[in-house]
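Working notes, structure below.
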Amino acid sequence: MAAAEAQYDLLVIGGGSGGLACSKRAASHGKKVAVCDFVKPSPPGTTWGLGGTCVNVGCIPKKLMHQAALLGEGMTDAESFGWEVAAPKHNWETMVGNVQGHIKSLNFGYRSDLMSNGVKYYNAYATFLDPHTVEAVDKKGKVTKITASEIVICTGGRPRYPDIPGAKELGITSDDVFALKSPPGRTLVVGASYVALECAGFIKGVGYDTTVMMRSIPLRGFDQQMAGLCKTYMQEHGVAFIEGAVPTAVEATPSGAKKVSWKLADGSVGSGEYDTVLFAIGRDVCTSAIGIDKAGVKLSSNGKVPTVNEQTNVPHIYAIGDIIDGEALNPPSATTELTPVAIQAGKLLADRLYAGKSALMDYSMVATTVYTPLEYGAVGLPEEEAIKLHGEDNIEVYHSYFKPLEWTLPHRGDNVCYAKLICLKPEGERVIGLHVCGPNAGEMTQGFAVAIKAGATKAHFDDTVGIHPTVAEEFTLLATTKRSGDSAEKSGC
């Protein structure tokens, strides 16, 4: 049977946040647009609908399950505020059912959005035949040959498995954990990325024994002082860590558990039994199986796409989101994988292509938050990178340890929250990095990101009267520098 044929002004390959934003914006400019999106099942068989990683197996379910853990913590604290609360008991199946129900409503909404915006949706896997043409194959084997004047690739990434016996057969990843039909039980999380620590945090937070196996440092690419605070808080709240270790095999046991063997940095070995083994050791971009060589698009050694203003080496082919090689940007950026970045880049690209606009995506000073049990929000440079770029003598770091008022009655640990501003002295102490570990870190950081993007200095923070009593006001009160060596621990209210 001959393939059906279709022609468009713009074809978007990938129905994640960036691709959907780009396609709808292009259609709003009067262009004929199509989106191809297809999810291959994970090794355990998990699949999902339109919307990409963030909606289905990333930001949305992660934040909801983090909230579940926080609610349990809040019920424990409630007794100190006079509430007579029975010992909280968590139902994993109820949580997963409600989370998945919400996700499916979002999937439906995205499909409706495309339809109402006049964008053609193909639930089909697209591979290049030539620089202007793809072959899209749906789950029933129907083939559509699609030609487009411009093509945007935003195929995202998938979690990586270690190359060890039993990993794919017995392990899961973040592609699977949010849809687990039964409780995870004793869980081993392998990895120290933000995905690893966030998953470990909410699994422990809803009541299951959790261990993290990490090869080297936590939260690579983030400020390491802040990463250490996140890790310490997790340890103090019952998450176990096996440090300097790599897994070597996963085996099924007669009892149904998974036996994980590992090797430590000193050469010694160990093993343990777990009900769930979750690998969060990184992600690989989905560029190797879309025939990208037939389009003439060059890739970096890591499989990512080098771009200049989202344009690849092929003038009419563009890339958005996870697949962009952030290290090849000028200046390099680690923010290309963030959902809001992909959305913004997609909209701006469509405006440049079809509306005569010139605004470019700025990948610098992008705020982000790690939803570990002690949340970590950041915008700008980590302290290590600021020193490397500008020199230690040109950097002033103001910092403070503090305790939120809400934590006083439950008698939580003193001075476990932390705030710091990294300032560039030769530029009037312009703030080039803001970092905070504490409750609602994301909500705080978003507001400060506007000021920092606008060039705020330490004096601007000092001149701002804080809202009392809040966590955010700490940034208006910072007076102690690291250079002074004075104690940064706060007393009183």
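Every residue gets a Cβ built from N, Cα and C, even glycine.
The candidate list Gly101, Gly282, Gly291 contains one residue that TrEMBL assigns to the NAD(+) site with Gly191, Ala192, Ser193, Tyr194, Val195, Ala196, Leu197, Glu198, namely Gly282. The record in TrEMBL lists a disulphide bond between Cys54 and one of Cys36, Cys59, namely Cys59. Same-chain residues at least 6 positions away in sequence with a Cβ under 8 Å from that of Gly282 (NAD(+) binding site) are, in sequence order, Pro159, Arg160, Gly191, Ser193. The NAD(+)-binding residues named in the record, Gly191, Ala192, Ser193, Tyr194, Val195, Ala196, Leu197, Glu198, Gly282, extend over a maximum Cα to Cα distance of 14 Å.
Long-range Cβ proximity for Cys54 (disulfide bond), meaning a same-chain Cβ under 8 A and a gap of 6 or more residues, is found for Gly16, Ser17, Ile60, Thr339. DSSP classifies Cys54 (disulfide bond) as helix under the three-state reduction. The Cβ of Val195 (NAD(+) binding site) lies under 8 Å from the Cβ of Pro159, Ser174, Ala280, each of these being in the same chain and 6 or more residues away along the sequence. Same-chain residues with CB within 8 A of the center of the Gly191, Ala192, Ser193, Tyr194, Val195, Ala196, Leu197, Glu198, Gly282 CB atoms, the NAD(+) site residues themselves not counted, are Val189, Cys199, Leu219, Ala280, Ile281. Cβ-based crowding with a 10 Å cutoff singles out Lys63 as the top-ranked of the recorded positions Lys63, His468.
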